[in-house]
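Taken from TrEMBL, the feature domain 'C2H2-type' covers 9-36, 37-64, 65-92, 93-120, 121-148, 149-176.
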Amino acid sequence: MWHTGETPHRCDFCSKTFTRKEHLLNHVRQHTGESPHRCNYCTKSFTRKEHLVNHVRQHTGETPFQCQFCPKAFTRKDHLVNHVRQHTGESPHKCSYCTKSFTRKEHLTNHIRQHTGESPHKCSYCSKFFTRKEHLTNHIRIHTGESPHRCEFCSKTFTRKEHLTSHLRVHSGETEHNCNVCSK
C-alpha cells in the first residue's frame, strides 16, 4: 500500500485517510478523546503508547538519546533530532509564503498561521480562538482556576510552568538577568 499510494482507511470524523489501520485508530482518538494508555506514576493518560513511553521517562529520568556533539541527552528521539539541528544549522522546514525556514515542523506550522490568520484552537468557555494549543491550554486555566505547577519549597501554585521557574529564583537567590559590568 505504501508504494501504490493507496490509503484505504478513512476517518469518519474528518475524512482523512491512512495506509495503516492502526494509524487511523490513533488518529480517531484525537476526535473521541479516548486515552487508553495510562501513566503509573501520575494521572495522565495518552492516545498512543509511544507518547506514554516518552512521558514515563520524565518520571524515571531515563535519557537514552545522546547528542554526538555535546553532553546533552534526551528522553525523546525527536528532541535529540531538533537539538542536533542547533549544532548543524539545518533548517529543513521552509515557509512557502516567505524565505524563513525552521528546525522544527511545529514552528513552521505556527509561523504559517501568521500568514494565513488561521486560529484552529477554540476555547469552549468563551469561544476565543488561538493559533497555538499551548496558548489555549493556558487561557482555559483562567476559566477553570487550575494551577498545576506547584513550588516544592513553599507550595505556591502557578498556571504556567515558566511562572514557576521564575518564582524558584526567589528561593535559590538566582537572578534572571545579570549586569555585564558588575555581574549583579
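Backbone N, Cα and C atoms are what each Cβ position is placed from, and that goes for glycine too.
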Average pLDDT across the domain 'C2H2-type' (121-148), rounded to a whole number: 91
Chain residues outside the domain 'C2H2-type' (37-64) and at least six past its termini with a C-beta under 8 angstroms from it: 26, 29-30, 73-76
